[in-house]
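> My questions all concern the structure below.
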């Protein structure tokens, strides 16, 4: 079967759109009137209330604050969501703090609240509506598609892909925020987001556990030029309950990255395990990309597809973290079992204590680990060492750090600190530069 709509073209329910193992249920997209795609324009001049613009009525665009000399960023929500939800306009507001931009929140709640199998077909109409608006801007107002960036969450990521594909990949950038897995993973490129949909495609994966049995809603498949897997792509810190917490974190990371880009450096790495074992450190000579809003500043961004990056984030607030590699060489009287902790004292502030090692503590041995610190301490001036025993014993041995080496992930700078002190457990020892 096939259904056609005036300015949007025709839609079929033949393969690969339906009747495949990934898409067993055959259905056509709903009527565009029912889906009722709306474009809510926010700009630096109207940050708190939107102007409704319509592709079929160019007068609405000309009468609005849409500025032809600025970039345009579309934000597209996902399943069961709405374009008037606060997270979309909040993202625009963060952008207005760092740039002048046309920020268009795309509302398709008339199509997103259907059953999932139907909603996944409805995005084809929404993608066509977005593409049509970009075409109108291009043909009627001479506005170049490469100035367009489409950000989509969940089903919205594949909606962005559909729009980009219809514009022959001429859109400047697409960002996929945890693209939806069911009905899209392992499907042909024309059905889902893929790197050919824009000049640059970057993706943040936060919920890659399988849909069955874990209810992981996001794709594990790499679908961009650059695919970021914060915290390995699943089980986000601070997400205790609720099936949507991990899936929604991709939005929160992007939102924070607009104002805190340096706190989301992605390390190129083959796997999260390798990253966690202190591999893939420090950043390469050309630097690490910034996950989120400023990923497009990375020099090698489109050198290859499926470039893979890992990082760890915080559990709340702005989620930023700064990664360091720490090596502690111990001195002391005997080898109790316990843990050793280090804090960094820098020009911009002091970090909390981070555990470097837990186990048998042997004098003269060295222990190395990577830590993700909650603030950018700047140039490191001192470090503190603290050890704690596990278990109880009558004797009170003393241990110390004779040397602590700290390396910054961002630029590879190494700092060396020394001391000849030894301290009892729970007593802080300060080390100065050697």
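Cβ atoms are placed via backbone N, Cα and C, with glycine included.
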> Among 230-234, 235-239, 240-244, find the range that Swiss-Prot records as region 'Required for galactolipase activity'.
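Checking Swiss-Prot against the ranges 230-234, 235-239, 240-244, the region 'Required for galactolipase activity' one is 240-244.
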> Which one of these stretches, 50-62, 63-75, 76-88, 89-101, shows up in Swiss-Prot as region 'Required for galactolipase activity'?
76-88
> Could you tell me the mean pLDDT the prediction assigns to the region 'Required for galactolipase activity' (76-88)?
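Averaged over the region 'Required for galactolipase activity' (76-88), the predicted model reaches a pLDDT of 98.
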> Looking at Cβ-Cβ distances, which residues of the chain lie under 8 angstroms from residue 103 (disulfide bond) while being 6 or more apart from it?
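The answer is 41, 42, 43, 72, 73, 75, 91, 92, 95, 96.
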> Looking only at 4, 245, 269, 288, the disulfide-bonded residues on record, which one has the least crowded Cβ, with the fewest other Cβ atoms within 10 Å?
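So among 4, 245, 269, 288, the disulfide-bonded residues given, the one with the fewest Cβ atoms within 10 Å is 4.
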> What three-state class does DSSP give residue 4 (disulfide bond)?
strand
> Which residues of the same chain, at least 6 past either end of the region 'Required for galactolipase activity' (76-88), have a Cβ under 8 Å from a Cβ in it?
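Those are 38, 40, 105-109, 112-113, 116, 119, 126, 130, 150-157, 159-160, 180, 251, 255, in sequence order.
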> Would you list the other residues of this chain near Ca(2+) - those whose C-beta lies within 8 angstroms of the C-beta centroid of 189, 192, 194, 197 - in sequence order?
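Here the nearby residues are 161, 165, 190, 191, 193, 195, 196, 223.
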> Going by DSSP, is residue 418 (disulfide bond) part of a helix, a strand, or coil?
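SS state of residue 418 (disulfide bond) = strand.
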